[in-house]
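Read through the structure below, which is laid out as structure tokens, and then see the notes.
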Amino acid sequence: MTKLSVNINKIATLRNARGGDVPNVLEAAKNIESFGAEGITVHPRPDERHIRYADARELKPVLNTEFNIEGKPIQQFIDLVLEVKPAQVTLVPDAENAITSDSGWDTVKHRDYLKEVIAEFKANGIRTSIFVDPVKKMIEGAAETGSDRIELYTESFAVDFEKGNSNAVKPYAECAKIAHELGLGINAGHDLSLKNINYFKENVPYLDEVSIGHALISEALYLGLEKTIQQYLKLLK
């Protein structure tokens with residue numbers, strides 16, 4: 001079964017909007033785990049506009065499921081990950097002023113850099129994943145870095161699927177097969193939702209994990225957090 005890791009950045013965004021500690025990120029994460037999620041994801045950025053570096057440090061000891069920290073591997077981020085030692089680190093090529101992640105790595109151009117960073121994480125017992133577009137060349141490049149997994153960037157699928165284009169899943173299915181043949185595990189994330197997750201999961205083989213945040217938290221405003229997570233788990237079976 002494909003695992004569900006819930007990205008809690010939006011909970012931190014809500015907290016930060018008023019200052020203080022409501023909603024409490026740690027309590028939210030523990031509730032999400034109790035509702036059945038198999039992992040917690042955070043994506044700290046240098047400006048700490050949602051998840052703070054301190055949140056990542058405080059979350060690790062209270063979590064009972066896999067902890068995944070995403071981010072651009074600047075030195076501050078690398079130091080955080082090596083200190084916290086999550087189950088998984090996902091490397092994302094965040095642009096300076098981007099509101100959210102908007103592209104995968106060029107794993108050919110940045111191969112040597114990624115290889116060096118990944119080796120350090122793996123030496124510390126941390127599973128590694130690289131955020132990539134569904135492009136064969138980028139999947140092959142990811143394998144050459146020594147990464148354990150890839151995370152397929154799914155925005156283009158979500159946008160096209162919303163427009164009625166069910167063929168939007170084909171590049172992802174093809175890249176998942178290539179990744180599997182190269183010995184890579186397969187994660188996916190970005191704009192996956194209750195509307196499209198089942199179709200994506202049913203058509204993309206070897207899918208180990210999905211990381212979902214914005215859509216899940218938005219849907220929870222209407223359905224409640226527990227019910228929303230339960231619906232995702234049902235669709236991912």
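Each residue's number is its place along the chain shown, starting with 1.
In case you wondered, yes, glycine gets a Cβ from its N, Cα and C as well.
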Listed co-binder of 3-amino-2-oxopropyl phosphate (same site as Arg18, Asp191, Gly213, His214, source Swiss-Prot) among Asn7, Asn31, Asn203: Asn7
Binding-site residues clustered about His190 (active site, proton donor) [Cα within 10 Å; pool: Arg18, Arg45, Gly213, His214]: Gly213, His214
Of the recorded positions listed as Arg45, His50, Glu70, the one whose CA lies nearest the CA of Arg18 (3-amino-2-oxopropyl phosphate binding site): His50
In three-state DSSP terms, the structure that Arg18 (3-amino-2-oxopropyl phosphate binding site) belongs to: helix
Top Cα neighbour of Gly213 (3-amino-2-oxopropyl phosphate binding site) in the set of recorded positions His43, Arg45, His50, Glu70, Glu151: His43
Glu151 (site 'Transition state stabilizer') to Asp191 (3-amino-2-oxopropyl phosphate binding site) - Cα separation in whole Å: 13
